[in-house]
Each structure stands twice: as structure tokens, then as C-alpha cells.
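Asker: Quick one: the structure is below, questions incoming.
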Amino acid sequence: MDTSTTKEFYFTGADFIVFASMLMVSSGIGLYFAFKNRKNHSNKEFLTANKSLGLFPVAMSLLASFQSSVTILGYPAEMFYRGTQFWMVILSSLLASTLAAELFLPVFYKLGFTSVNMYLEERFRSKNVRLAVSFSFLLCTVPYMGVVLYGPSLALETVTGLSVTASILIIGGICTLYTSIGGIKAVVWTDVVQVFLMFAGLFVVMIRGFYLSGGVSEAFKIASRDDRIQFFNFNFDLYSTTTLWNTVIGMGIMWSGNYATSQTEVQRYCNVSTERKAKFSLYLNFIGVALLISCACLCGISLYGYYATCDPLKLGAITKTDQLMPYFVMHELRHLPGMAGLFVSCVFSASLSTMSSGFNALATVTYDDFLRHTSFMKKLPERKVQMVSKLVACFYGLFAILMAFVVSRINSILEAAISIAGALVGPMFGLFLLGVLCPLANSFGVLCGLFTGEIFGIWLLIGSLTFPKKPQMLPTSIDQCFIDDMFNSTTTFASLISEKHLSTDDPERTGMLRLYHVAYLLVPVFGCFISLIVGFICSLLSGGCRTAQNVRPEYLNKIVWYIWPASLVPKRSTSLDQLEYGVNKCKGDLNYETDNNDNHVKPADIQFEETSINKTLTIIDQSSIKNHEPTFDNMKRSRIIKQNAFEIEDAEDDDSSTKILAYRPYSPVYFDNSVRVTPSPLPSTSTNETNTSIIILICNQNCYQIEPNKC
């Protein structure tokens with residue numbers, strides 16, 4: 001086989017055409033949505049698409065958002081140098097999708113927050129909790145974006161000769177462009193295109209690799225002969241990355257933290273049109289993840305079948321394991337026009353999809369959690385608010401470019417991605433678990449748990465980078481390599497082996513090395529359990545038992561009522577028809593007065609039987625409760641009244657007569673077995689109005705009258 005280390009094969013004209021087409025399509029989608037929505041200046045539309053996303057594109061976007069160049073380049077190298085145990089991360093994906101769909105989605109979807117961290121402020125009644133987790137998300141995601149950006153830059157250097165620096169600038173610039181101008185819709189639909197490119201690139205490499213190695217069965221025989229095939233290693237070893245426990249549990253916590261609590265993922269499935277479709281999108285995403293990971297792992301097996309007796313890394317043809325796939329493509333697919341371009345497009349697509357999703361999520365969190373409530377932002381019109389969000393997304397794109405240069409010192413992008421993200425994702429996941437499953441958890445407790453877990457995770461990360469352990473790799477061979485003229489007559493295979501020795505042996509671990517050399521897969525596990533344990537204990541010590549019943553039920557998963565004693569959980573919601581409230585369904589449709597632009601301004605008179613209601617009305621709109629803001633186009637929430645009410649006023653009219661009081665629920669109930677609403681008694685501003693005020697409940701386009709004196 002030709003493994004020349006002096007010949008350099010670069011892109012042909014066909015390769016450049018294929019690659020440029022991918023970049024043009026990605027940018028074109030962003031420009032299309034920017035042009036299509038040029039008259040829509042809603043910042044919510046830019047960031048969340050107003051829950052108009054479909055099932056299939058969201059499922060594909062979920063797949064693309066977290067499967068990046070780490071999958072395309074890192075997984076095949078993992079199979080080649082460490083064996084197939086890491087293939088079992090498919091089980092981790094199933095665990096993560098199930099937890100997200102059954103524990104978190106039912107809570108998040110009904111609440112309808114733009115930022116998932118807003119849930120924390122409402123659940124723990126503390127802005128500090130929300131800001132702490134928001135900052136942790138930013139701190140975690142930006143470095144990860146750097147890892148994702150570095151991967152394709154490495155591939156592009158291998159196949160085009162373009163420097164890593166230039167590649168990082170080009171990729172980062174294009175991704176920042178279409179994300180900042182097109183918003184969430186551009187990101188999602190670009191992800192759909194890029195998922196197909198990812199599969200196409202992997203299929204080409206896999207088919208060619210198995211063909212050259214003598215077929216699928218022959219490649220697996222070779223891999224099995226050299227101890228590469230191993231799926232169920234049940235050994236307990238804290239320092240190994242090739243045991244089933246470390247792989248499934250470590251990546252399970254890692255992915256659960258992302259699917260269940262990361263703004264990048266939650267923002268996708270919570271903007272599907274219905275909750276049922278949102279849940280299905282998570283399970284459909286798992287199928288896609290399993291297929292994509294399997295394709296990447298099969299590529300690694302096919303490459304080992306071909307390079308089993310001539311390892312390019314030991315030979316010196318490549319300097320990092322992540323260059324294995326690009327090296328194979330440029331040497332074995334160069335005779336097929338456009339195939340190298342397709343593979344690089346595959347790697348780029350994987351990274352662009354993840355980065356674009358990350359930039360959009362970073363912009364959403366920054367706006368909702370840090371900028372939205374400032375006096376400066378409140379004064380800006382909607383058009384300028386949207387512009388600020390675009391500038392924020394652009395800023396994070398530039399910052400990710402900077403981070404890409406920082407992460408280049410780490411040996412493996414797979415290890416870098418998991419180590420950096422895991423140090424913070426694990427503790428954040430523990431905090432969210434306490435939020436939805438533990439009524440006793442309070443703000444003081446979860447903050448203590450979060451900070452303790454993150455400090456421990458960052459300490460492990462810094463220690464592992466400062467005192468790196470020798471890479472754990474299975475032995476490889478170069479016995480049948482063709483060595484070209486670059487090696488003089490004194491160069492021998494023995495000298496090559498001594499220079500590029502790959503060993504599974506580690507020096508004796510003493511002192512802090514026992515901790516720093518723990519498998520990187522376990523970093524998120526330690527962080528999660530520390531956050532859970534410390535958070536629970538501190539909540540107990542700070543009066544969690546006394547406040548448990550005060551937690552609003554909609555902030556907890558329904559499983560809480562089965563695992564905790566009745567004295568430690570709030571009263572569970574009941575069906576509306578079981579209540580003793582005076583509830584009468586309105587006759588006729590609910591109408592709204594409109595202005596000249598056909599915008600909803602305020603509810604008109606509502607007919608109850610034959611009587612027109614002209615008294616003071618309190619409107620409880622289910623969509624308003626869900627979004628914590630009115631759905632009327634030109635109205636806004638102006639201020640919180642006490643704790644369970646907000647005031648809606650016409651944004652363009654200072655006349656106090658246009659104000660409507662809407663009261664948020666304390667004791668939610670189920671309506672039509674799907675929507676959670678509450679008929680609450682109206683706190684009147686005057687004792688003379690107590691018996692004349694009327695509460696109107698708007699739900700599923702039906703209108704109900706609630707008589708306060710019967711509540």
C-alpha cells in the first residue's frame with residue numbers, strides 16, 4: 001500500500017466545486033430567511049420562531065447540533081487506536097433522549113420560556129440561580145465551540161495545504177454570517193442539509209475502506225485478531241476510557257445534561273408546534289444519532305482493516321489521531337473526482353451545524369438572562385432589539401474563533417470536547433435534576449451544589465492538562481509499509497517504533513496524579529453527583545422541608561408525587577371538572593378588537609348567555625401564562641404586582657383605561673388533560689369591586705367565566 005510521507009495530495013477542481021457549493025448553500029439559507037423575514041422585526045421570531053418549527057427539521061437539527069466534527073474525526077480514530085468499546089455511547093444517547101423526553105420536556109414545554117434558565121428563576125424564586133447557570137452555560141459552550149471549529153480546520157489543512165489559522169478564520173466567519181442574519185430558522189434548515197452531507201461523506205469513506213480491506217467480514221476479522229472488537233468490558237477502572245461503565249455512564253450524564261438542560265437543545269424541541277411532536281422529535285433524534293455514530297465507527301473499523309500493518313501515525317505520515325480520516329481520503333479517494341471535497345464538506349457540515357446552533361443559543365441566553373431586563377434594552381424598539389441579538393451572535397462567533405487557537409494543544413478533539421464540556425455540564429445537570437425532582441431543593445442549596453461541582457470539575461480539567469497522562473492506545477504495526485526515499489538507509493522499522501511508540505502502560509500514579517489521571521469520561525459524572533449531594537444536603541440544612549409544599553406544581557415532574565411523602569410535596573393538581581369553582585362556559589366565540597393594521601388590541605365584550613359583560617374584566621389567557629407575557633402584538637408586561645399578577649398595558653397608549661389586570665396561577669389545574677391553567681380569585685383594588693369583578697379564563701380558544709366568590 002502507498003503510504004508515502006512525501007507526496008502531498010491536494011484538492012482538485014471538482015473537490016473545490018463540491019466544497020464551495022456546500023458553503024454557498026449554507027450561506028444561502030441564512031440569506032433566504034434574512035430576506036424572507038426582513039419585515040418581521042420580532043426578536044422572539046428571530047430566536048425561537050414562535051413555536052412554528054416542524055417535527056422532522058427539529059429532529060435533524062437536534063442530531064446535527066451535538067454531532068460535530070468530533071464525531072466525524074474522533075470516533076473513527078477511537079475505533080482504530082482503542083477499540084470498539086466507545087461504540088456503546090449509543091446507549092448513552094438513548095438514556096439522554098429518554099430523560100429529556102420524560103422528565104424535562106413535560107415541564108419546560110408547558111412553561112414556554114424563551115430561555116431554559118428562566119425556569120430556574122421561577123422554580124427557586126431567585127435571579128441568582130438563573131444568572132449562575134446562564135454564566136456557566138456561556139463558560140461551557142464557548143470553549144466547546146472552539147473545539148468544534150478546530151476539527152474541520154485540521155482536516156482542511158491536511159487536504160488543501162491551507163493553514164489551520166486561515167481555515168479557522170474562513171469557517172468561523174461563514175458560520176457567524178448565516179447564524180447572525182438568519183436566526184433560528186436558518187440554523188434549523190441548514191442543519192437538515194448538513195445532516196445529509198454528514199451521512200454522505202461517511203458512507204463514501206466506509207464503502208471505500210471496506211472495499212480496500214477485503215470486505216466487511218475481513219475487516220472485522222482483522223480488528224478482532226488485534227483485540228479491537230470489544231463491546232462489553234465490565235471491568236471497574238477509574239482510569240480507563242474503554243470500559244462499558246465509564247463509557248455509558250459518563251457519556252450518559254454528559255448527553256443528558258445537553259439534551260435536558262442546554263439551551264442549544266431545549267430551544268429546538270420546545271419550539272415544535274405540539275408537546276407530543278416535541279417528544280417524538282427527541283426519540284427520532286436518537287435513531288439518527290445511533291445511525292450516525294454507527295457509520296463513524298464502521299469507518300474506523302474499515303480503516304483499521306486497511307492500515308492494520310501500516311499505521312500512518314506510527315509511520316509519521318500524520319501527527320495526530322484525528323488526521324487519520326482526512327489522510328485516508330486524500331490517499332485513497334483522490335482518483336474519484338469530488339470525493340475529497342464531499343468528505344471535507346461532511347466535516348465542515350458537522351461543525352457548522354453545531355456552531356450555528358451554539359451561537360444562536362448563546363445569543364438567546366445572553367439576551368434573555370443578561371440584557372433583556374436592563375433599562376437600556378427596555379427603551380429600544382423591537383427592530384433594534386433584534387439587531388442587538390444579531391450582534392451578540394456575531395460576537396460569540398468571533399470569540400469561538402479565538403478559542404479554536406487555544407484548544408489546538410490537546411491531543412484528541414474527542415477528549416478535548418468531553419473534558420471541557422463535562423467539567424460544567426455535569427454540575428448543571430445535577431442542579432436541574434434537583435429542580436424538577438426534589439421539592440426540598442432551594443436556591444441556597446442548589447447554588448452550593450453547583451459551585452462545588454464546577455470547582456471540582458474545573459480543578460480536574462486544569463490538573464489533567466497540566467499533568468497529562470500518556471495516551472492509552474492499543475499497539476499498532478508498520479511491518480508492511482512502503483517507505484519512500486525520504487528515509488535514508490540507516491532508518492529502520494525499529495527506530496520508527498521507538499520514536500512513535502504507542503503504549504497502554506502508564507507510570508505509577510502517586511499523589512494528585514491519582515485524581516488528575518481519572519478517565520475524562522467520568523468528569524461529568526463526578527460533577528453531577530457532587531452537585532446533587534451537596535445541593536440536597538445544603539437545602540435540608542437551610543429549611544428545605546419547610547418550603548417544599550410552597551413550590552408551584554407546574555415546576556415539578558409528575559413523578560415527584562410518587563417518590564416523596566405527601567408532607568414534602570405541594571398539593572397535586574386536579575381536573576377542572578372536579579373543582580367546586582363556579583365555572584360557566586361562554587356562549588359564542590371570543591373576539592378581539594383590532595386596529596387599522598389588523599393587530600389584536602384588547603378583548604372586546606364577551607357574551608355570557610344573553611348578558612353583555614361591561615364590568616371590570618380580568619383575563620387569564622393560557623398562552624399568556626405560558627409565555628409570561630401577553631400574546632397581543634402591541635402589548636407588553638409592564639410590572640409585576642405582588643407575586644401572582646402582572647399588568648398588561650397598551651405599548652402605544654398611555655391611557656390607563658387600556659390596562660388589563662391578568663393574574664398568574666398559584667394552584668394550577670389540568671384542563672382537557674393537556675393544558676395547565678388556574679382560575680384564581682381576583683384580588684380587588686377596592687372593596688366595592690369585589691362582587692362586581694369577573695375573571696375570564698381563555699383556554700384553547702374557548703372562554704370560561706370564573707366567579708371569584710365561589711372559588
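Cβ atoms here come from the backbone N, Cα and C positions, even for glycine.
Just so you know, TrEMBL annotations are computer predictions that nobody has curated.
Sharing the feature lines straight out of TrEMBL:
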type	residues	note
TRANSMEM	16-35	transmembrane segment
TRANSMEM	55-75	transmembrane segment
TRANSMEM	87-109	transmembrane segment
TRANSMEM	129-150	transmembrane segment
TRANSMEM	162-181	transmembrane segment
TRANSMEM	188-211	transmembrane segment
TRANSMEM	243-261	transmembrane segment
TRANSMEM	282-307	transmembrane segment
TRANSMEM	340-367	transmembrane segment
TRANSMEM	388-410	transmembrane segment
TRANSMEM	416-437	transmembrane segment
TRANSMEM	444-467	transmembrane segment
Asker: Is the number of Cβ-Cβ pairs under 8 Å between the transmembrane segment (388-410) and the transmembrane segment (188-211) three or more, considering only pairs separated by 6 or more positions?
Answerer: no
Asker: Quick test of the contact rule: Cβ under 8 Å, at least six residues beyond the ends. What residues does that give for the transmembrane segment (188-211)?
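Answerer: That would be 22, 25-26, 29-30, 33, 49, 53, 56-58, 60-61, 63-65, 67, 72, 76, 178, 182, 219, 268, 288, 291-292, 295-296, 298-299, 302-303, 305-306, 325, 328-329, 332-333, 339, 342-343, 345-347, 349-350, 352-353, 356-357.
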Asker: Checking distant contacts: for the transmembrane segment (55-75), what same-chain residues at least six beyond its ends satisfy Cβ-Cβ under 8 A?
Answerer: 86, 147-148, 151-152, 154-155, 187-189, 191-192, 194-195, 198, 201-202, 255, 258-259, 264-265, 268-269, 271-272, 277-278, 280-282, 284-285, 288-289, 292-293, 296-297, 299-300, 322, 324-326, 346-351, 353-355, 357-358, 412-414, 417
Asker: Can you tell me which recorded stretch out of 16-35, 282-307, 340-367 has the most Cβ pairs within less than 8 Å of the transmembrane segment (129-150)?
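Answerer: When the Cβ pairs under 8 Å are tallied, 340-367 comes out ahead.
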Asker: Against the transmembrane segment (16-35), which of these stretches has the most C-beta pairs under 8 Å: 87-109, 162-181, 243-261, 282-307, 416-437?
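Answerer: Answer, by Cβ pair count: 162-181.
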Asker: Determine which residues of the chain contact the transmembrane segment (340-367) at the Cβ level, with the cut-off under 8 Å and only residues 6 or more beyond its ends counted.
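Answerer: Same-chain contacts beyond the flanks: 11-12, 14-19, 21-23, 26, 43, 47-48, 61, 64-73, 114-115, 117, 134, 137-138, 141-142, 144-145, 148-149, 151-152, 155-156, 159-160, 171-172, 174-176, 178-180, 183-184, 186-187, 190-191, 193-195, 197-198, 200-202, 204-205, 262-264, 267-268, 325-326, 329-330, 333-334, 385, 388-390, 392-393, 396-397, 400.
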Asker: State the residues, same chain only, that lie 6 or more residues beyond the ends of the transmembrane segment (162-181) and have a CB under 8 A from a CB inside it; answer 'none' if no residue qualifies.
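Answerer: Counting only partners 6 or more residues beyond its ends, the transmembrane segment (162-181) has Cβ contacts under 8 Å with 23, 26-27, 29-31, 34, 149-150, 152-154, 156, 187, 190, 348, 351-352, 355-356, 359-360, 390-391, 393-394, 397-398, 400-401, 404-405, 408.
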